[in-house]
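Asker: The structure follows.
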Amino acid sequence: MILSALATSVGLNLALTVLLAAAYSLLRRRPPYVEVYAPRRPYAPLEPWLAAAWRRSEDDVHAAAGLDGVVFVRIFVFSIRVFAAAAVLGVGVLLPVNFLDHQLQEIDFTDLPNKSIDLFSVSNVQDGSSKLWLHFSAVYIITGITCYLLYHEYKYISGKRLEYFMISKPLPQHFTVLVRAIPLSDGVSVGDAVDKFFKEYHASTYLSHTVVHQTGKLRRLLNDAESICTKLTNLKYVRRSTGDPPRKFLGLFSRNDLVGKYQKRLEDLEENVRMEQSDATRRQEIAAAFVSFRSRYGAANAVYIRQSDNPTEWQTELAPDPHDVYWPFFSTSFMERWIAKFVVFVASVLLILVFLLVVAFVQGLTYLEQLEQWLPFLRNILEIAVVSQLVTGYLPSVILHFLSSYVPSIMKLFSTMQGFVSVSGIERSACNKMLRFTIWTVCFANVLTGSVLRQYEIFLDPKELPTKLAVLVPAQASFFIAYVVTSWTSITSELTQITALFCHLWGKCAKCCKRDGSKAPSMPYHSEIPRILLFGLLGLAYFIVAPLILPFVLVYFCLGYFIFLNQLFNIYVPKYDTGGKFWPVVHSTTIFSLVVLHVIAIGVFGLKKLPLASSLLLPLPLLTLLFNEFCRNRFLPIFEAYSTESLIKKDREEQSKPDMLEFFSNLVTAYRDPALKPIQRASNSDERTAPLLASV
């Protein structure tokens, strides 16, 4: 890519970023769009969103989005700190060194816009040059800074996790465990088996239990009823708001006819729901139950001590928050979950292989000569300077961004198929899948496909890995710089909520299908965290190879910090709180990114005929991995379970509080399946029809 093509991409994306931000600032002030841009705070006074985001404290974030929201914001804070230091080193030191050398060609400042951006890469430094020791020093410096900040963040967030636990009010999930694979005898119900077992072995701490029922058919009925209830509500709303007399469509059906039809169907479904609820309560039990205890310590003992001599029976795990439970997949057996994991693995591999073909096509667009061979009839058009710059510098990254946006929903579907019993478990699993997919397809597959197609044997000879990566990675620097720049527009589009805006406008036009805007969405951590970590990987991987990428990465993180702070307060409602369990994923991925930087640097110095620098870098990845192991042993256990010290101290603080009696009374029914709760609906009047269920 030449500098003018990069400048075109930067200018276009900067203009789109400003345009989207301006559109958001205007639309959010219009009352018709409140449910799109402020579903959490529809009646809050308006103030400049940038200034409001800047004033938010960490306590404000925790109150609005829980500890997961705090961790999400800390990812941006950590990334800004790392890449601010990296940009100072890269742009202030390495970039001038790369540019002022002239291994590739002599510099002609009069024709600079038509020069390749490779002039700013390490490829332009003379082989064996003493200036390469600056690059060597920069690798050690940025590794030290990143590891120091990683340690600080891990310590800080683990401390916050313990702090918020100690000051939190009693929560059902801290006193409850999920028991599966309950062995049954003839004539003994699941409830009786659970009650007998826990009264015998946990007599001093056992409180109550709630048996899980098979409610698949019941949920389908409820979904049908909810759909009809919504249509009925909207028909009545349209009739009241327009004030029109009943009209007939083609002389056959009037609005009153439709209202009566929907009311009759709704009454029939309500009766079927009541019958199915009664049947599910009496007969459709599953060998699983939520068991509650009188103390957190008692619940922890039930989880971390094996309950039976037969490890396949009485299996226990931490219970999710009652609102976090994903009820539809409680009926899956151990064998079904194992088969589902295998099917999902095969499907994930196939998805990656399909996406590799997409990457190969996208990479072909970055090479004008190859594109002219594929589409010879476009040769005259591609000879126009502006068109060629847009096609090679902007279009490939836009296509990759667009196609990648559909992957998170697929990964979430895969995780749902595996039988997780909580929404947080589904999204954490989807996050890990997205991370592996993103790193392989967007990063490494682009490197391999774009430079030397079908060089998959690169991983078959580990000794040659640094040298091959040192050749392949710089060749794709221009593509990834354009990809990062295009991400400015992508992350700013988060402000405008284009999909939600379109649905809102469509609902205004088609009032009989009006969308329910009363429910604010939840934060899609499973898609956003892998995306953030990808840019961290790209920034570190190209730190010495192409430091020109660093300011663009830094701008991305700064935009993300302000935009998502605004969204956490105005758009997204937390559906769950894992207590900051996403941070270990961030830590491990950053360590991986540092090791990739080291491997590339070792290969670069080898190619640049500076073997001493390569040799002196060999201990660095080993030291980084040792640091990672130290952090895992020091902090990771805090994210896996609370200590005996914390649990007993918390139990003793609360045991004499009078409100604990009310809490335990509510705990007995906290894990009752919402599908089994009595249905609630307003009578057949002109009043707006109430939701069929209070909570499903």
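Cβ coordinates come from backbone N, Cα and C, glycine included.
Heads up, TrEMBL stuff is auto-annotated, nobody curated it.
Okay, these came from TrEMBL:
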type	residues	note
DOMAIN	6-153	domain 'CSC1/OSCA1-like N-terminal transmembrane'
DOMAIN	174-328	domain 'CSC1/OSCA1-like cytosolic'
DOMAIN	341-605	domain 'CSC1/OSCA1-like 7TM region'
TRANSMEM	6-27	transmembrane segment
TRANSMEM	71-95	transmembrane segment
TRANSMEM	132-151	transmembrane segment
TRANSMEM	338-361	transmembrane segment
TRANSMEM	381-403	transmembrane segment
TRANSMEM	434-453	transmembrane segment
TRANSMEM	465-485	transmembrane segment
TRANSMEM	532-565	transmembrane segment
TRANSMEM	585-607	transmembrane segment
Asker: Which of 6-27, 71-95, 465-485, 532-565 shares the most C-beta pairs under 8 angstroms with the transmembrane segment (585-607)?
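Answerer: Going through each listed stretch, the top one turns out to be 532-565.
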Asker: Answer yes if the transmembrane segment (132-151) and the transmembrane segment (6-27) have at least three CB pairs under 8 Å among residue pairs 6 or more apart in sequence, and no otherwise.
Answerer: no
Asker: Over the span of the domain 'CSC1/OSCA1-like 7TM region' (341-605), how high is the average pLDDT in this prediction?
Answerer: 81
